[in-house]
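According to TrEMBL, the protein has these features:
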type	residues	note
DOMAIN	1-124	domain 'C2'
DOMAIN	257-377	domain 'C2'
DOMAIN	413-541	domain 'C2'
DOMAIN	578-704	domain 'C2'
TRANSMEM	850-867	transmembrane segment
TRANSMEM	950-979	transmembrane segment
Amino acid sequence: MNTTSCPPPAALTIRKLVVEVVEARDLLPKDGQGSSSPYVVVDFDGQKKRTSTKYRDLNPVWNEMIEFVVSDPEHMDSEELDIEVFNDKRYGTNSGSGRKNHFLGRVKMYGSQFAKRGEEGLVYLALEKKSVFSWIRGEIGLKIYYYDQLAEEAHPPPQNLPPPEDPPQSQEKPILLAPIEICHEGTHSPPHVVTQPQVVHYHSEPPADPDMPPQQPEAQYTPEIRKMQRGGNGGDRVRILRRPNGDYSPRVISGKFATESERIHPYDLVEPMQYLFVRIFKARGLAHNEIPYVKIKASSHYVKSKPASHRPGEPTDSPEWHQVFALRQNRPDSASATMEISVWELSSEKFLGGVCLDLSNVPVRDPPDSPLAPQWYRLEGDATDQHGSVSGDIQLAVWIGTQADDAFPEAWHSDAPYLAHTRSKVYQSPKLWYLRVTVIEAQDLHIAPNLPPLTAPVIQVKAQLGFQSLRTRRGSMNNHSASLLFNEDLIFVAGEPLEDSLVLLIEDRTTKEPALLGHILVPVSSIEQRTDERHVASKWFTLEGGGCGGGGGSYCGRIHLRLCLEGGYHVLDEAAHVCSDFRPTAKQLWKPPIGILELGILGARGLLPFKSKGPGKGSTDAFCVAKYGKKWVRTRTIPDSFDPRWNEQYTWQVYDPCTVLTIGVFDNWRMFADMSEEKPDSRIGKVRIRVSTLESNKVYTNSYPLLVLSRTGFKKMGEIELAVRFACPSMLPDTCAVYGQPLLPRMHYLRPLGVAQQEALRGAATRMVAAWLDRSEPPLGHEVVRYMLDADSHAWSMRKSKANWFRIVAVLAWAVGLAKWLDDIRRWRNPVTTVLVHVLYLVLVWYPDLIVPTGFLYVFLIGVWYYRFRPKIPAGMDIRLSQTETVDPDELDEEFDTIPSSKAPDIVRARYDRLRMLAARVQTVLGDFATQGERVQALVSWRDPRATKLFIGVCLLITVVLYVVPPKMVAVALGFYYLRHPMFRDPMPPASLNFFRRLPSLSDRLM
């Protein structure tokens, strides 16, 4: 799996960046003779180099490699690479009087877009303007990659090529003029905060946190993440007055989690939870024993460690544990509180010694402090030890900290059972590609000769990739050559590490029994990757096997294919309307992030029981899952609690604000299952938050209802408390420019995929993501992944159909309201308003140049007016919009039915009849729309000769009148006629409407 950047190399290595300038296309002529003499200047990390000049060439080809030394590999992601193209004026006859070379375009890239050597690809980037008045066109093809080289093998960087006589003047501009805070993120929250002004650096999302083996507790996996500082005081939180919104609406909860210190706490979105950490390293000089273990007893906590292990070659009296315990401190311990740590033998429960520690002297560790150094403590015996059988020392480290401590993720928690299925983890979705298989033709196939007369063979190609299977249409015979033409694209979803193989089978389906004519096997890892629409060379593959006879080495024919892995698409694994990421597969095409999304999962309230503990007792073991982009997070499981408190905080990088964060709550059943049995986790509820609805650098602390829709109906399962902040520059150009860019990558518009095809590919991608996360440890069950990804959103539902209909009605409500308002005006319900409308109409008719400005002014005033009614908090699930309160039980049962249906035939027949009735209504509406359109066509089609004569005669009369009478007078007359008083108006329909309704349509021709 590719990450944004590799960790910084060792001290004896040097990182180098290679920029291969391949070519440029369709450059702008600037030499006054219809051409240009371009060269390229590359600027990176204060090093500026250039290519050679191509004389009078608008499509130059350089194929030159430029190499830079990366001075700070750790912060390479924050570096900018500027590539500018100029026209060398020394080669032009009409160069003008200016001293500077002509600017032909520029490209700016960031270190997060660089690929490692071996993973690079040829990328064509459109040349951009330097200013608003620049006239630029064309694109440039580049290959950019980096590699690490040993220092003793590294050579001095090549000297810069001599610059032209008049080198171009480049001005470096800062990206952002706001201060930021740089944080190192582990599993939960950054332990170090440093403030830097003026420049924003970003690192991409960290990969899934690997499991830390207990034998190496000192190892820390802290991939970097850099985020912007929010406005205002660091410790102040935004508080909104509570307002009752109903039982099923989000509500504001009081922000009580700001730290009292002036320094920004890394867990500032959640409530700090105090833990007593005990890290047990090893012991030495113990009395004779076989397998010792450690007991810890402090106030209400009593825990045991795992059995000790021995290093090879070490004495048996020096066992090692390397285990961390986190004991929850609900209230400050008194000065007399103590903790007992004792060593026992596992088989005989023999006491080997113990230590008693005074908790009043335990130090408090607050990140970014370094880990506490362990100390050796002398083991002491109890009162019954009269012979001095206790001996040895134990190495411990004891401190008080919070969930921000770097030892918290892998610690044994007193408020959660020590099981693999209960730990908090970060997961990473697999990198998915679209595999395009173009079947062109097949030749020399061994087709059965004994076909009936006038019967053409039915030859098809079947392609398989894992569980995905597609088949081409029937091949057409070529009369000039013994070949079959297909020319059809088959698209699959392939996931890294690309270990599968593509299988193609050529089948003869002329008879009932398909006959295999041959097959080929192509490893997916050997297929060429592309990031744009450039042409990929096709290849001939020799077929194997089949019914060609003559042994395994006989010739069975060949097939012509074009294979490529599409890196320019975004592989959808979520529903399009709730997608959390739109980046393409190829990392080289990623844009820099625009902000940081921070989520604090505080806890849940009032959860319903899901398990039975005994007569009249129930329990719930809840955990939370959040998904945004490729990064999934899972909180620890709080056992047997209806009001669990997680207080865990996570961060994501945001590349597009028009995305959705999904949070789901589940009841853990896998913790009770054996390895052989499968117990899926139960869903408690889900919340979606659209990032674009969040104001920049503002903390939202809200409680959302957890709603579940099942066969039995709609139910509220509890509430979840969340704190969300979108750290982003509010109105800077980079942020605003995102709204003007295409939502999907470029390839989706150059070579679009069909709706049905994309839905099928989404189903395959969802299945691959679920299988990948199910293989993690602890596994994220497929039922959890499918629920978070809305895998069943495309299924038929009468309830959703009604909801969509009412959404359309709500969208058109403004037009209905405008029509009612106009009707009230023309009926003189309010004479003052009608007179004012007359005056406004006269002004606009006499000064028509004021119509457009007045319209935009009116829209602006509407926006300002509605600012008073803007939503104060991010919206959750809307039960009224979802039509869950008024849904029929039979419609719910139909929504959750399987495909094919598992219901009785009479129930299926009743549902089919109901669907036919609904379809009849839709059919009638569609017929009415068609009728109105056909009547418009009948005005000039002479289907009704009298009507057409009347219409064209009226048109001629209107033409003469408009030629004679000034148009302003006509507009005033028509407007006043429309707004005339009701006493001058006939209650019957007007003649024009009666004329239109009498026009013929084609409905009388339907059978």
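Note that Cβ sites are derived from N, Cα and C of the backbone, with glycine treated the same way.
Across the domain 'C2' (257-377), the DSSP tally of helix, strand and coil residues reads 3 helix, 51 strand, 67 coil.
Counting residues per DSSP class in helix, strand and coil order gives 10 helix, 64 strand, 53 coil for the domain 'C2' (578-704). Helix, strand and coil content of the domain 'C2' (1-124), in residues and according to DSSP, is 12 helix, 54 strand, 58 coil.
According to DSSP, the secondary structure content of the domain 'C2' (413-541) in residues is 6 helix, 66 strand, 57 coil.
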